[in-house]
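> Dumping the structure here so I can ask a few things about it.
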Amino acid sequence: MTELIQRKLSDSKAARWTALAIVAFTMLCGYFLTDVMSPLKPMLEEELAWTSTDFGIFTSAYGWFNVFFLMLIFGGMILDKMGVRFTGMGACCLMLIGCAIKYAAVAGYIGAEGTIFGWKSQVALASLGYAIFGVGVEIAGITVSKVIVKWFKGKELALAMGLEMATARIGTMLAMAVTVPFAKYFQSVSAPVLLCLIMLCIGTISYMVYIVMDRKLEASMSAEEEEKEEPFRMSDVFLIIKNKGFWLIALLCVLFYSAVFPFIKYATDLMVNKYHVEQELAGFIPSLLPLGTLFLTPFFGNLYDRKGKGATIMIIGAVMLIGVHLLFALPILNEWWFATLVMIVLGIAFSLVPSAMWPSVPKIIPEKQLGTAYALIFWVQNWGLMGVPALIGWVLDTYCKLDTTNGGPAYDYTLPMIIFCCFGIVALFIAVMLKREDKKKGYGLELPNIKQ
Ligand SMILES: C[C@H](NC(=O)[C@@H](N)CCCCN)C(=O)O
């Protein structure tokens, strides 16, 4: 007698890891464009006569629509209502449109002359493109998180999320490493943006391939499983924001990421000013950070899947973050090797917290509300990513300028590092509260993700 056992497509190891590889590649292309302009700052100044203020306006544009027009939150709601296929394709289209506008502006096809709202037209249009792209890439991020939960829940969820983050960070590293040589080779500051546009087209095609797999996954789900999936309702948003565990994760996220991503923007300057590293070599030490996370985020994710201890991992990460920023603040061992060691420890902390934090969200929030929940967390996080670099810049200009003999600007980084350290202290406090809340509510953050 043969027994018919219905297997979901996600039960096949090959299928779920293939699905992960496809969507992670789309994110790699997105992260590449996110950071592609940072190494080009001197070329933009030389070739297009951009000032630092122009560059600052352009950089902050990433968060404009997400933060002020709540685009990320609407994206999350659309994700929960319309699903990963529609939302993911929409996000890819926004990334493509944004990148195309940005390319047209930087290449001089549009806005080469004149001003818009008092800004150079070129800067304003490139910023508009980047702002549209920012909406697309953030919505793609929450969509991919939901895709991973769909395929990996009850399986290697944290490892999969860790691998996706690691793949995306390859995009950041590529941006740091290949952008300037590529622009110099083609003698064009816009050439790397065109490369990003081509890569985003490939990323979009790869998401189309995922859509085919997603259809097959749903077809393989039993009717019973599909019935269990209730539709998303607006009232679900209130359920999320009334959940204390959700707020603890969102606060931990904004505090932790505010002490890392904005720090990276100033880390090269810190190496020059405090550790007296040559300008040309100073970027090498901070670049160790994303490099370390490539290997460590999946490693810690795998540990969380098998052994649990998610809340404890986040506490350890926050303690390490405090230690790192304190060591950077203290006037001890102003040597490059010491800075390198401390940066490596920061890389470990930056792998620990995300590897446990993102896979913990589905333990607190039901799957049908996940898109909205991730979107709300990213929205809270975007305030920090937008505000903290501005705060640190203002603090440096107002309180930390040093008198120099050569006329160039020099800064004492003690106060900015104390500010980053304070974010770590509050993050630790929140992580401890999260562990206590987990004990009270039984979310299972300390339990393994893989169900035996
Ligand atoms: C998964 C997580 N992503 C984010 O936090 C994004 N909101 C911000 C991405 C910024 C990319 N430079 C992560 O990358 O850890």
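Just so you know, the numbers here start at 1 and follow the chain as drawn.
Placed from the backbone N, Cα and C atoms, the Cβ positions cover glycine too.
Reproduced below are the annotations present in TrEMBL:
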{"type": "DOMAIN", "residues": "19-439", "note": "domain 'Major facilitator superfamily (MFS) profile'"}
{"type": "TRANSMEM", "residues": "14-33", "note": "transmembrane segment"}
{"type": "TRANSMEM", "residues": "61-79", "note": "transmembrane segment"}
{"type": "TRANSMEM", "residues": "91-112", "note": "transmembrane segment"}
{"type": "TRANSMEM", "residues": "124-145", "note": "transmembrane segment"}
{"type": "TRANSMEM", "residues": "157-183", "note": "transmembrane segment"}
{"type": "TRANSMEM", "residues": "189-212", "note": "transmembrane segment"}
{"type": "TRANSMEM", "residues": "245-264", "note": "transmembrane segment"}
{"type": "TRANSMEM", "residues": "284-304", "note": "transmembrane segment"}
{"type": "TRANSMEM", "residues": "311-330", "note": "transmembrane segment"}
{"type": "TRANSMEM", "residues": "336-361", "note": "transmembrane segment"}
{"type": "TRANSMEM", "residues": "373-395", "note": "transmembrane segment"}
{"type": "TRANSMEM", "residues": "415-434", "note": "transmembrane segment"}
> Output the single range from 91-112, 124-145, 245-264, 311-330, 415-434 maximising the number of Cβ pairs under 8 Å to the transmembrane segment (189-212).
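Counting Cβ pairs under 8 Å, the winner is 91-112.
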> Could you pull out which residues elsewhere in the chain have a CB under 8 Å from any CB of the transmembrane segment (336-361), counting only those six or more residues past its ends?
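Residues packing against the transmembrane segment (336-361) from afar: 145, 157-158, 161-162, 165, 249, 252-253, 256, 260, 267, 270-271, 274-277, 285-286, 288-293, 296-301, 303-305, 310-311, 313-314, 316-318, 320-321, 323-324, 327-328, 370, 373-374, 377, 443, 445, 449.
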> Taking the domain 'Major facilitator superfamily (MFS) profile' (19-439) alone, what is its mean pLDDT?
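Here the predicted model's pLDDT, averaged over the domain 'Major facilitator superfamily (MFS) profile' (19-439), is 90.
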